[in-house]
Amino acid sequence: MGTISAIHHIEFIVSNALQSAYWYCSSFGFEKFAAKNTEVSTSYALRNGKARVIITSYNAQNMYTDQLIKHGDFIKDIAFRVDNLDGVLQNLMENDIKVIQQGEINTKEGLVRTATLLADGSDVTHTLYELGSFEGDFLPYFTPTSNFELFDRIVRMPAILMDHVVQNYPIGEMEAAADWYYKTMKLKRFWSVDDKVATSEYSAMSAWLLVNEDHTVQMTLAEGVKGRKGKSQIEEFINFHGGSGVQHFALLVDDIIAAVQLMKRRSVEFLTIPDEYYNILEDRLSKTNLNVKEDLEMIRKLNILMDFDENGYLLQIFSKPMQDRPTLFIEIIQRANFKGFGAGNFKALFDAVEREQEKRGTLF
C-alpha cells in the first residue's frame with residue numbers, strides 16, 4: 001500500500017509572484033532558485049534547507065484568480081512525495097476519493113508521476129509526486145534561475161525543513177476532514193487539544209494533530225467551538241479567508257534565538273507573550289533536571305514559547321499575519337530531543353492570538 005512520505009512543497013497563489021518571492025526571501029531566509037513561465041502564469045520556486053515553496057501569480061482570469069479574490073494571498077497546494085503512487089491511487093479508488101488531475105511527465109532527468117486531490121470542504125489541493133529516479137533539481141518545467149542579488153550578499157536565516165502545516169475549518173467540519181485525510185493518505189490522529197485547554201471567557205477552539213506512520217508528515221486541523229460570547233480566532237480566520245484553509249506552516253531551525261533576532265531585524269513581527277508565562281515556565285523548569293542550553297532571559301525577551309518533558313524540549317514562536325487579512329502566519333520551531341507538538345503552549349498561543357483579535361476589534 002502506498003503512503004505519503006514527506007511534504008514536497010507548498011504553493012501560494014498571490015497577485016504578484018515576484019514581489020512575494022522577494023519578501024519571503026528577505027524575511028524568512030528563502031532563496032529563489034527556479035522559475036516557470038506559461039502563457040497565463042509565473043511561478044518562482046524558493047528553498048531554505050529542505051523546505052520548498054512555490055509562489056504563483058496569473059495574468060488572466062480563471063478559477064485561481066477567483067479564489068485569490070475570495071481568500072487573498074493563500075496557500076493553494078500542499079504537495080506530498082509518495083514512493084508508490086499506484087498504491088495510493090488504489091486506496092483512493094477503494095474509498096471513492098476522486099482524483100481531479102493525473103499525469104506523467106517524462107523528461108531527460110527522469111519520469112515524474114502526479115495525482116492531484118481536492119481536500120474535503122476546502123479549496124486546498126494536494127498534489128502527490130512519485131519522483132522515482134528523477135534527477136532534476138526540483139520539478140519538470142522549472143528552469144534554474146539566480147537568487148535576488150541582495151540576498152546572496154547578506155546573512156540568511158537558515159532553516160532545516162518544513163516541520164508541519166495547520167489548517168482551520170468551520171465549526172463542526174474538523175472531524176469529517178480528519179476522516180478524509182485518513183481515507184486518502186492514512187494520516188492518523190496522534191494527539192488533540194480540546195476546548196478545555198484552548199479557551200477563554202470569550203471563545204474556544206479544538207485541534208487534532210494528524211501524522212503518517214513515520215511521523216515525517218505532520219498536519220494539524222483546528223476548529224472553533226460553539227456557545228461562547230465572542231468569535232474564536234478560528235472563526236475570524238474563516239471569515240477573512242472566505243472558508244477553510246491553511247492558517248500557518250512551521251519552519252524547523254537549529255538556533256531559534258539567532259533566527260528570531262535576524263528576522264526581527266528584517267521587520268518580521270511576532271506575537272507577544274506576557275511575563276507571567278515565563279515566571280511559571282522558570283518555576284516549572286527549576287523542578288526538573290532538564291538541561292536547557294539557551295538563555296532563558298533571551299527566550300523571555302524574544303517572546304519564544306517553550307514546552308518540555310523528561311527527555312527534551314521544544315522552542316517555538318509565531319509571527320503576526322503575513323498580509324493585510326488576519327489569516328496566514330508562520331511559525332519558527334526548534335526541537336531538542338522533543339517529538340511533541342507544543343501542546344503545553346497551546347493555551348499561551350491561544351491567548352496571544354486572542355489579544356491580537358481584540359486589538360483588531362474582531363473578537364465580538
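Using N, Cα and C of the backbone, Cβ positions are placed for all residues, glycine too.
What TrEMBL says about a protein is an automatic prediction, not a curated fact.
Annotated Fe cation-binding residues in TrEMBL are HIS164, HIS248, and among GLU94, GLU331, GLU354, GLU356 the one listed with them is GLU331.
Counted within 10 Å of its Cβ, the other Cβ atoms near GLU331 (Fe cation binding site) come to 22, all protein chains included. The number of other CB atoms found within 10 A of the CB of HIS164 (Fe cation binding site), across every protein chain shown, is 20. With DSSP states grouped into helix (H, G, I), strand (E, B) and coil, the domain 'VOC' (6-131) comes out at 31 helix, 62 strand, 33 coil. Taking Cβ-Cβ distances under 8 Å and a sequence separation of 6 or more, the neighbours of HIS248 (Fe cation binding site) in its chain are VAL165, VAL166, PHE318, LEU328, PHE329, ILE330, GLU331.
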